[in-house]
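J.: Encoded as structure tokens, here's the structure I'll be asking about.
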């Protein structure tokens, strides 16, 4: 599949950026890979904001780790099947800002390559995943605030339900993009680990 002019490969633009695409692995809410290939794409306007956030993180002695960026609509459908809760996953009929290439899922890593504790893992999809929750230990909440400041400084905004999700402020004005990454077909998914 060829890239649309709106999407660029982050591994090419930022060769030292740590990319760990969770949906190309089984380490996600579905328990199985969704993407057939690990390509990390983002809209050119979001890339400009990401470059600023990367610089801000470096000033703090930290690095960003990317868990997801552009997400094909087919993958969004798989996620909706795994977690049909609009608080955490956007119905494919509406369209995710990830499918516009204007949203990115990230965390922080220190100079030694150790992930900062955020108090809940990526894709946990429960109250502790919210940007702020009283059960999150103070040190982890500070790390979330630091991540928010770094991403906001670049030009992104966060959402209340996921500490890792950031998007351009006007993300929904961009069109949904045709699938640019091949996905595995949807299969029966258990959500027992969510309970």
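Note: Cβ is positioned from N, Cα and C throughout, glycine not excepted.
Pasting the relevant annotations from TrEMBL:
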ACT_SITE  162  active site, proton donor/acceptor
BINDING   98, 105, 165  Zn(2+) binding site
SITE      71  site 'Transition state stabilizer'
J.: If you draw a 10 Å sphere on the Cβ of residue 165 (Zn(2+) binding site), how many other Cβ atoms land inside?
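T.: Residue 165 (Zn(2+) binding site) is surrounded by 25 other Cβ atoms within 10 Å.
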J.: Relative to the Cβ position of residue 98 (Zn(2+) binding site), how many further Cβ atoms are located within 10 Å?
T.: 27
J.: For residue 165 (Zn(2+) binding site), which of the three DSSP-derived states applies: helix, strand, or coil?
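T.: It is in a strand.
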J.: Checking your reading of the structure: which of the recorded positions 71, 98, 105 lie inside a 10 Å Cα sphere centred on residue 162 (active site, proton donor/acceptor)?
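T.: Cα filter at 10 Å returns 105.
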J.: Could you state the CA-to-CA distance between residue 105 (Zn(2+) binding site) and residue 71 (site 'Transition state stabilizer') to the nearest Å?
T.: 11
J.: About how far apart, in whole Å, are the alpha carbons (Cα) of residue 71 (site 'Transition state stabilizer') and residue 165 (Zn(2+) binding site)?
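T.: Between the alpha carbons of residue 71 (site 'Transition state stabilizer') and residue 165 (Zn(2+) binding site) there are 13 Å.
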J.: Inside 8 A of the center formed by the CB atoms of 98, 105, 165, which other residues of the chain have their CB, for the recorded Zn(2+) site?
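T.: Residues close to the Zn(2+) site, other than 98, 105, 165: 67, 68, 69, 71, 96, 97, 103, 104, 162, 164, 166, 167.
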